[in-house]
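*Asks:* Got a structure here, written out as structure tokens. Questions coming.
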Amino acid sequence: MEKMNDHLKPSHSVSAGAATEKWEEASTGIRTVETMLRLAPVGLCVAALVIMLKDSQTNEYGEVSYSSLSAFRYLVHANGICAGYSLLSAAIAAMPGSSSTMPRVWTFFCLDQILTYVVLAAGAVSTEVLYLAYKGDDAITWSDACSSFGSFCHKATASVIITFVVVCFYVILSLISSYKLFTRFDPPAIVDSNKNVEVAVFGS
């Protein structure tokens, strides 16, 4: 029995080493793609933020600015946070071995998910405000505003469209971080006190 175990140990070590080497090769390509995908939203977020910050219009009907609408203020803050996180995460992702530890991979996974929903929420709520601005609401006798403040609406629309492009990038980043987490590391295990065996959390 001991001889059989001795024969199994070298083959197990070779297979583990080959798997590690294969992962490292794949990891280099993934790291390059991930770094570029994390850098791209920086410029987009800044563009959406600047367009919205400069979005104001004054005419004979009055004055309107992005700061008058909480949805647009939220969009500005969301894009600012996203730009900062994208730049920082790109710098970390570009470092060799940046995905070698479980805490770091889990951190990327969680923050990517959070940022995706934060930016998506900003785009969604701003889209709703723009829809009302373009269409109005007859039920509450709220007339459309974009017929009077066309320039304001056009700039706001451009900012919202750019924000949704950022969402697309973060959906891809969330998939990549999920792939890196669930293929690189085994699922956490819990001990069944009744049977005294470890059971994987995922799929239980």
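Quick reminder: no glycine exception, Cβ is built from N, Cα and C everywhere.
According to TrEMBL:
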type     : residues : note
DOMAIN   : 29-168   : domain 'Casparian strip membrane protein'
REGION   : 1-20     : region 'Disordered'
TRANSMEM : 36-54    : transmembrane segment
TRANSMEM : 74-94    : transmembrane segment
TRANSMEM : 114-134  : transmembrane segment
TRANSMEM : 154-176  : transmembrane segment
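Describe each of these features in terms of where it is and what it packs against.
*Replies:* Tertiary neighbourhood of the transmembrane segment (36-54): same-chain residues 66, 72, 75-76, 79-80, 82-83, 86-87, 89-90, 93, 155-156, 158-160, 162-163, 165-166, 169-170, 172-173, 176, selected by CB-CB distance under 8 Å and a gap of 6+ residues from either end.
Listed as Cβ neighbours of the transmembrane segment (74-94) (distance under 8 Å, sequence separation of 6 or more from its ends, same chain) are residues 31, 34-35, 38-42, 45-46, 48-49, 52-53, 66, 104, 108, 111, 115, 118-119, 121-123, 125-126, 159-160, 163, 166, 170.
Below 8 angstroms of C-beta separation, residues 69, 71-72, 74-75, 77-79, 81-82, 85, 142, 144-146, 149, 153, 156-157, 159-160, 163-164, 166-167, 170-171, 173-174 of the same chain, each at least six residues beyond the ends of the transmembrane segment (114-134), sit close to that stretch.
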*Asks:* Helix, strand, coil: count each for the residues of the domain 'Casparian strip membrane protein' (29-168), based on DSSP.
*Replies:* 108 helix, 10 strand, 22 coil
